[in-house]
Structure formats: structure tokens, C-alpha cells
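Asks: Right, I'll just put the structure down here and ask away after.
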């Protein structure tokens with residue numbers, strides 16, 4: 001069974017935000033004094049497993065756990081181990097997660113044991129002081145130890161860096177060399193107008209077309225058709241032998257090939273990262289021990305999936321395109 005939206009796109013990728021909490025407070029993702037969801041509003045790990053399983057029955061082939069920081073959710077490995085049965089059965093092709101890396105020293109080996117093959121680590125700078133500045137609470141050495149642990153466990157690591165003008169743009173070439181030297185791909189992401197937007201956010205916006213032009217003065221970049229199921233467009237870097245990805249929601253949106261939906265830890269389904277329209281799956285999930293009601297709610301929601309997002313960086317307004325913080329939906 002496949003889920004097909006009104007524009008003929010097959011929905012095969014589910015991103016699940018298992019918590020809105022995080023041990024960092026990255027400036028583009030969260031307010032420093034974030035008010036978190038009360039625990040009673042959260043789906044239990046068992047409910048998350050049940051919901052994910054319904055999506056898998058309906059054709060989801062790739063499942064990514066996100067946050068917040070997914071590895072700070074209490075007993076998260078119980079959910080990972082439960083979901084891994086779908087890898088064993090062949091129903092799910094891939095189970096992966098996006099993490100800030102702070103908890104990887106603790107969990108990397110168990111993730112690998114559960115059948116996770118690759119992970120994404122969000123890392124915007126290799127400068128310890130700048131790292132603390134952008135994450136507010138984070139420590140770079142802990143993340144580096146986590147990356148070491150992940151690679152030692154056999155996990156393939158890809159780095160995600162948000163490109164921020166006058167913050168990390170000058171060091172992105174060195175980050176790429178470092179990542180490729182360790183066998184990791186790097187993907188750079190345009191900052192998106194979500195949550196609280198101040199002057200810094202619009203001033204830090206860097207179109208990746210400019211970054212690519214700058215990189216092409218130093219490196220030989222060749223477009224390649226490589227895909228991981230996400231929106232990144234990849235180039236091969238001749239000088240390093242590695243892959244560099246660009247995620248460009250602002251300057252070259254990727255909506256025409258969108259294959260994903262996003263589920264939050266409260267059971268809210270967002271059909272698009274850049275739209276406010278959502279569907280409540282918690283109520284139908286809890287209304288019956290069977291899955292018919294929630295399956296019908298999913299079908300109805302997929303039927304409302306929009307053609308594209310509404311992101312725009314507008315210096316004339318401080319109003320974000322989307323009012324919720326990235327940490328709520330899972331970046």
C-alpha cells in the first residue's frame with residue numbers, strides 16, 4: 001500500500017520528532033528560555049511505535065528520528081529497538097536519526113546494534129568558542145567524542161551545517177576538508193524563517209548559490225545524481241574525494257519531489273515543514289485500540305499535503321513564515 005498526495009508524490013519518508021527538548025539552545029532553532037511541552041501531552045514510546053508502525057504499513061520505507069535532541073528522550077533506545085523489527089522484516093529500508101552528537105558516546109554502539117547504519121550530526125563550526133556561542137549550552141569536545149564513538153561503532157556519519165553569513169561561512173571550506181578527511185559527507189543548509197526571527201537571522205541569511213560560487217574558486221565541484229532520500233543536491237569535490245550537499249529551501253526549493261511528512265511528539269502530523277496546516281493523530285490513536293481511525297486520519301491528512309512551502313526571507317518584516325520553532329517539528 002502506498003500513500004500518494006494530491007500532486008502524485010508517493011510519501012515514503014517519515015520524520016518523527018520524539019521530543020521537543022534538547023541539551024543545546026541553538027540560536028536558529030530555539031529560544032534560550034523555551035517553554036517545553038508538559039509530559040502529559042507527549043505520546044508514550046509505545047504510542048510512537050504504534051503510530052510509526054501504521055505509517056510503515058501504509059508505505060513508509062525510511063524513518064528518521066529527530067527532536068529536539070532525540071537521544072535526550074528518556075528510554076529512547078527502547079523505541080529504537082522496537083522499530084528495528086521493521087528492518088528485520090524488510091518492511092522498513094532504513095532507520096536513522098539526526099542528532100547534535102552530545103549523547104553519541106553513550107548510545108552509538110547500541111544504535112548500530114539496532115540496525116541503524118547512518119546518522120546525521122548537526123555541527124555548524126569547529127571553533128569551540130563559536131560552537132558555544134551558537135549552541136549557547138553546548139561543548140564541542142563532547143560532540144567530537146560522540147562522532148569518534150559513532151565511527152568506531154561502524155555508523156556512517158554525515159554532518160549538517162547551517163550556513164550563516166559572517167559566522168561560519170569563512171570556515172566552511174576547512175570544515176569540508178576535515179569532514180571528507182574523516183570519511184564523512186557534509187551538507188550545508190540555508191537558514192529558514194521559523195520561530196523567533198530577529199535582525200540577526202535575516203542578516204545571517206546566506207544564499208547557497210553564493211557559497212557554491214565561492215567554493216568553486218577553490219575546489220572542482222561536479223554535480224552528481226547521488227540521493228539519500230532527502231532534499232539535498234550533491235556535488236563531488238575532486239580535491240577531497242568527498243561529497244558536499246546543498247539544501248536550499250529558499251533559493252531553489254525542493255518541493256516538487258517531496259516524499260515526506262513530519263510527526264511531532266504530541267502526535268501532530270505536519271504535511272509540510274513550511275506550512276502551518278497539521279492533523280491531530282493523537283485523538284484517533286487514543287480513541288480505539290485498533291488502528292482504523294488513525295489510518296483514516298493519515299489518509300485524510302495526506303490528501304491535504306500542499307504543493308510547496310511558504311518560506312521567504314523578507315527584510316521588511318520580522319514575522320516568520322512559520323511561527324513554530326524548528327525544535328517542535330524536527331529539523
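Along the chain as shown, residues are numbered 1 onward.
Every residue gets a Cβ built from N, Cα and C, even glycine.
The following feature annotations were taken from Swiss-Prot:
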type    : residues                       : note
DOMAIN  : 6-231                          : domain 'Radical SAM core'
BINDING : 15, 64, 98, 158, 260, 261, 262 : GTP binding site
BINDING : 22, 26, 29                     : [4Fe-4S] cluster 1 binding site
BINDING : 28, 68, 122, 192               : S-adenosyl-L-methionine binding site
BINDING : 255, 258, 272                  : [4Fe-4S] cluster 2 binding site
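Can you tell me where each of these features sits in this structure?
Replies: Residue 64 (GTP binding site) falls within a strand segment according to DSSP. Non-local contacts of residue 64 (GTP binding site) by the CB criterion (under 8 A, 6+ apart in sequence, same chain) comprise 13, 14, 15, 16, 95, 96, 97, 98.
If you draw a 10 Å sphere around the CB of residue 26 ([4Fe-4S] cluster 1 binding site), it holds 19 other CB atoms from the protein chains shown.
Taking the Cβ of residue 255 ([4Fe-4S] cluster 2 binding site) as centre and 10 Å as the limit, one finds 15 other Cβ atoms among all the protein chains shown. Taken residue by residue with DSSP, residue 255 ([4Fe-4S] cluster 2 binding site) is part of a helix.
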Asks: Pop the Cα-Cα gap between residue 262 (GTP binding site) and residue 22 ([4Fe-4S] cluster 1 binding site) into the table, whole Å please.
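Replies: Taking the Cα atoms only, residue 22 ([4Fe-4S] cluster 1 binding site) lies 18 Å from residue 262 (GTP binding site).
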Asks: For residue 261 (GTP binding site), what is the secondary structure by DSSP, using just helix, strand and coil?
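Replies: Going by the DSSP assignment, residue 261 (GTP binding site) falls within a strand, counted as strand.
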Asks: Please report the Cα separation of residue 260 (GTP binding site) and residue 272 ([4Fe-4S] cluster 2 binding site) in Å, rounded to an integer.
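Replies: Cα of residue 260 (GTP binding site) to Cα of residue 272 ([4Fe-4S] cluster 2 binding site) measures 8 Å after rounding.
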